[in-house]
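If you look up TrEMBL, you'll see 45-56 marked as compositional bias 'Basic and acidic residues'. Taken from TrEMBL, the feature domain 'Phosphatidic acid phosphatase type 2/haloperoxidase' covers 149-260. Residues annotated as region 'Disordered' in TrEMBL: 1-71. As annotated by TrEMBL, transmembrane segment applies to 149-171, 208-233, 253-276.
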Amino acid sequence: ELVPFSPGTHSAAGAGPSTRTDLAGGPRCKQGSYPEAAGQLGEGEEQRLEGGKGDKGTAGPGAGGAAPPLPEEDCMKLNPSFVGIALSALLAVDLWASKRLGVCAAEGSAWGSARPLMKVIEVSGHGVPWLLGTAYGLCRSGSAATREVLLNLLFALLLDLVLVAVVKGLVKRRRPTHNKMDMFVTISVDKYSFPSGHATRAALVCRFVLHHLVLAVPLRVLVVLWALIVGISRVMLGRHNVTDVLFGLLLGYMLYSVVEYCWLSPLSAPALFALWSH
């Protein structure tokens, strides 16, 4: 029997029962794909499988391989210590409290009208007035006992300046962001806030005066209140954080013990006393 021929088909006669006619003009195999394409896909698949077997041992975590163990120092970073967590929490509370207590940081603050008074208290605890006043009293003093006290006070003030400058340069903690840089007579390290130099000086002078001047009880109370108010004013003006002031007060209190241990007398420093006596 004759089968009509068309350009898009092939005769099924003689091809056997396992072949079909494709609309694209080529015979299909039993699996339904072209023989040439089937051969190429088979070779590619075989190569992919062989390559997968060879790379199985070096596959990363995304390819199904086991992740390498973390170094010990990385494991420590992922598991912070209790001390680190406590310090971070303390720092957060310190910054929050300092910002809330900075009520005189600017004229538009909650207590902005009290800012001029706070700045007067700031000057009362500044190092320049204390150094100039002590030097003037030392030059004008007429008794050896007064010169001895004032000379040691000058030594304490200079020691305080040097120690605070060194600590500030080492720690390099910036002042609070709400601080207004209009401070009285500053130097390079005064851009840092830890510790508070006013607080150290107030505590040092307070303890020095209470130990070496004979004062009535009301005056002794006023000296203590002055030291505390100087420390509080540093936070209210936004100059320092709370921890800056607390550490400064503690440092100044301990610094007086160093001054007492190194107390200058006509026997230990005769050249200094001879210089000031003239």
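Backbone N, Cα and C atoms are what each Cβ position is placed from, and that goes for glycine too.
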Summary of DSSP states over the domain 'Phosphatidic acid phosphatase type 2/haloperoxidase' (149-260), given as helix, strand and coil counts: 82 helix, 2 strand, 28 coil
For the domain 'Phosphatidic acid phosphatase type 2/haloperoxidase' (149-260), the mean pLDDT of the predicted model: 92
